[in-house]
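Sending over a structure as structure tokens; questions will come in a sec.
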Amino acid sequence: MKPTTLADLSQLKKEKRKFATITAYDASFAHLFAEQGISVMLIGDSLGMTIQGFDSTLPVTIEDISYHTRSVRAGAPRAFLIADMPFMSYATPEQSFDNAAELMRSGANMVKIEGGDWLCDTVKMLTERAVPVCGHLGLTPQSVNVLGGYKVQGRDESSAQKLLDDAIALEKAGMQLLVLECVPTTLAQRITEALDIPVIGIGAGNMTDGQILVMHDALGITARPPKFAKDFLKETGNIRDAIRLYIEQVESGAYPDQTHSFN
Ligand code: KIV
């Protein structure tokens, strides 16, 4: 099998074929996910909560993400890996260069950063220096203290318009993929249709080009899962079938349904 690339994801968007992605933090799960057909994985800073047991993603460091990226790369040599830039690791362009370089050297194909149009210069500079950038808009967990909790974003017209404007500005700056978290389905659809690049949703309804789930949510491990999460293991009884069911339901548009979306 040949390695998955951004061009493959763009082609899927053109063909209106939905794709499933998932977070991965270690070689064993990365291998299992790849074996079942997941070719895009995120080494998310959610590992601060799922692996390290903190109550937010803020304590995660670049060394943590780098360590887990190496592990995931070892388990899934041909997958397209997106590595999260953790809190305060891209506050200045200089910091972004060093930290993104560390993640790319660890095996990432792309880095992900959270935030709106204030990141346009960073996106442009990283892209020019051969680091592809995935944006992350909507509920941005690194900003939990500013947002006042893990809440659905873009519910009123002005905040929805701001998210759409941010997405367009970031795409113009060179962003090549976008994660949209916890926004109403109609807004996610507007943004997905407005952008040429693929948009991956989480808690954003079933009108985006792709979906992502935190693996602990998809496998029923999370103690208090968010509304949009679905325990695929409960329905299937084994992990391999659970992942295959997740892929099937994303590709057919059956997941997320109304009960796992915000309207
Ligand atoms: O860190 C993470 O797992 C993420 C997903 C929630 C998209 O950013």
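Heads up, the Cβ atoms here are built off N, Cα and C, so glycines get one too.
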Can you tell which of ASP8, ASP84, ASP156 TrEMBL lists as binding 3-methyl-2-oxobutanoate with ASP45, SER46, LYS112?
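Candidate listed by TrEMBL for the same site: ASP84.
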List the residues of the same chain that sit at least 6 positions away from ASP84 (Mg(2+) binding site) in sequence and have their Cβ under 8 Å from its Cβ, in sequence order, or write 'none'.
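Correct list: LEU42, ILE43, GLY44, ASP45, VAL60, ILE65, VAL111, LYS112.
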What is the number of other Cβ atoms found within 10 Å of the Cβ of GLU114 (Mg(2+) binding site)?
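Around GLU114 (Mg(2+) binding site), other Cβ atoms within 10 Å: 23.
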Cβ neighbours within 10 Å, counted over all protein chains: which one of the recorded positions ASP45, GLU181 has the most?
ASP45
What is the interatomic distance between the Cα atoms of GLU114 (Mg(2+) binding site) and GLU181 (active site, proton acceptor), given in whole Å?
10
Which residues in the same chain, at least 6 apart in sequence, have a Cβ under 8 Å from the Cβ of SER46 (3-methyl-2-oxobutanoate binding site)?
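THR23, THR57, PRO141, VAL214 - these are the non-local Cβ neighbours of SER46 (3-methyl-2-oxobutanoate binding site), listed in sequence order.
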